[in-house]
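Annotated features in TrEMBL:
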- 31-499: domain 'Major facilitator superfamily (MFS) profile' (DOMAIN)
- 241-269: region 'Disordered' (REGION)
- 543-564: region 'Disordered' (REGION)
- 27-49: transmembrane segment (TRANSMEM)
- 69-91: transmembrane segment (TRANSMEM)
- 103-120: transmembrane segment (TRANSMEM)
- 126-147: transmembrane segment (TRANSMEM)
- 159-177: transmembrane segment (TRANSMEM)
- 197-217: transmembrane segment (TRANSMEM)
- 308-330: transmembrane segment (TRANSMEM)
- 350-367: transmembrane segment (TRANSMEM)
- 379-397: transmembrane segment (TRANSMEM)
- 409-433: transmembrane segment (TRANSMEM)
- 445-462: transmembrane segment (TRANSMEM)
- 474-495: transmembrane segment (TRANSMEM)
Amino acid sequence: MGTQRGVVTVVASPPPRKKGRLSGGSLIAIITLVDAVSSCWFGYCQGVFAGVLVSEDFQRLFPQTSDASISGIVTSCFLLGAFFGAIAAFVLGDKLGRKRTIALGHTLNLVGAVLQFTSWHLPQLVVGRVVNGLGMGMTSTISPVYLAECARSHLRGRLLVIGASSNTTCFCLANWISYGMYFRDHARGAAGGPMQWRFPLAFQLVFAAVLPLLTCVPESPRWLLLVDRDAEALRVIAQITGGGKPSSPAESESDESSGEGRRPEEEDPVVVAEYRSIKTAIRLERESRVPLIDVLCHRDQTQNFRRVLLACGTQFMQQFSGINALGFYFPTLLHENVGFDEQMSRLLTAVSGTVYLVAAFGSLFVIDRVGRRKLMLNGAFGMTICHLVAAICLKVGEDDPSKTKTMGNVTVAMFVLYHVFFSPTWGGVPWVYSAEINSLGWRSRGAAAATATNWLMAFVVVQFTKAGVDNLRWAFYLIFAAFCLCFAPIVFCFYPETSNRTLEDMDQIFLRNPSVLVCGNNEMTQRARPQALIDSETERIARGDGDVDGSGLDSGPRAATMVV
């Protein structure tokens, strides 16, 4: 690749190798930490406002929130902001790149947090929550994509689950902080002061530590190849794999001083194989690219619209499993539906969040061993039983007052057990799945559509939950039981397995299998990587794309021979 200046052609060289750069496992650990901190902020924001709303000083300062409709708007404006943030990520994820989009999102989070905990007027609070939501929509969309594009396929599921588990960790933390701030004042016989709600909102600033971390990590190699920054992509692949290290200090010094000759990463078989596999997949995708209208009409070979719908479907099902009905209103449900006092309701909410957290880490050990499909199927059945039993217990308690306490305790147990089923299955799998299922050209846009679906459906669920509980009471939980029961056949019939596949494998899967039904198709449903996909990757590497050094010139047969 060169630029013409008079009669002299200047060939652009890649950036020089930096001494002491992170590579291999240490680099992946930092990238995982970036995603985890992003998820922490996401989870904390989901959990913190339920406690803020019932704080005495908050209610004195913002008496308008005693109106259920105003309270609903203040709560859900964060979700609407997140919806539009995810839509913004649809465009910005490919335009700005993964790192800069994440940085922009967290900057908005920081501004939104400051506006909230310094609020003295309701409009400022609402603006702060909307800005916070915009940033959260962007980061919750792009952070999992960034990690998925950097992680190796055999670790990708577990690393993405660390992010989802971090979300749960800070959701739990928000519940305990809320309970602690309540107990701080009431244990002394004092009314709640401003610290009872300002401190939990200000605590979000801790998560701004993710911004300096972004300076330590490279851009996604797949995005770099997508925008034809091949030399940088080759260098990043070498960093991620830990390959391309000079054989001696003298070789390193010579390479850095001269800037000429073949760099070590160009001769590392693992680095070159990864580079060629991704590069060839991008070329094939570009060759089969069709107008957007054809994608929406399902006329493209790689079935991008179908894949986006599958990703959106997981997020729709996650929300209509009832998680945010409990997440945003759990203390209210325990107080009004089950009959516990305020302090016990807060305590049980915190305990339930802790169980939710412990269960979330269980998915670290099973997500790659069991696969995505089985986790979603088992989770759907478990959640159905929990909602059904909870509804029956509430009905029995209403009809027979002598059994109200016993049935109330069983109902609480079902709510806690629901979190045990949800957390390791539908809690994390939809985020992993939406980062894996889409093609490279549609990955950030597909993830944006899926995340926007999540936030929009969360808004819908939060809006109708309070009215549903007030009007339907025990029968309200039958709605979620019916939804969860429907999820199992949908997953079984339409959702392919994504574990133990490279991200490029997914293109081959949809090229080779045009049918929307996956049940009975081993290539689409088996957990182990199909041999046909292994053979296809070998062929992609062997075909290569010629260009390994980013100069636009064929690297010659030497690198190809080392791979084959």
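The backbone N, Cα and C atoms fix where each Cβ goes, and this holds for glycine too.
Annotations in TrEMBL come from automatic prediction, not curation.
Counted as Cβ pairs under 8 Å, contacts with the transmembrane segment (197-217) are highest for 103-120 among 103-120, 159-177, 350-367, 409-433. Between the transmembrane segment (27-49) and the stretches 103-120, 159-177, 409-433, the greatest number of Cβ pairs separated by less than 8 Å involves 159-177.
Using the rule of three or more Cβ pairs under 8 Å, pairs at least 6 apart in sequence, the transmembrane segment (308-330) is not in contact with the transmembrane segment (103-120). Counting Cβ pairs under 8 Å to the transmembrane segment (69-91), the stretch among 103-120, 126-147, 159-177, 350-367, 445-462 with the most such contacts is 126-147. Sequence-distant contacts of the transmembrane segment (350-367) (same chain, at least 6 residues past either end, Cβ-Cβ under 8 Å): 47, 157-158, 161-162, 164-165, 168-169, 171-172, 174-176, 178-179, 326, 330, 375, 415-416, 419-420, 422-425, 427-429, 432, 499. With a cut-off of 8 Å on Cβ pairs spaced 6 or more residues apart, the transmembrane segment (159-177) and the transmembrane segment (126-147) reach 3 or more such pairs and are scored as touching. If one looks beyond the transmembrane segment (126-147) by at least 6 residues along the same chain, the residues whose Cβ comes under 8 Å of a Cβ in the stretch are 31-32, 34-35, 38-39, 41-42, 45, 49, 73-74, 77-89, 92-93, 98-99, 101-102, 104-116, 119, 156, 159-160, 163, 204, 220, 431-432, 434-435, 443-444, 447-448, 450-452, 454-455.
Under 8 Å from some Cβ of the transmembrane segment (103-120) lie the Cβ atoms of residues 38, 41, 61, 85, 89, 92, 96, 127-139, 142, 198-199, 201-202, 204-205, 207-208, 210-211, 214, all in the same chain and six or more residues away from its ends.
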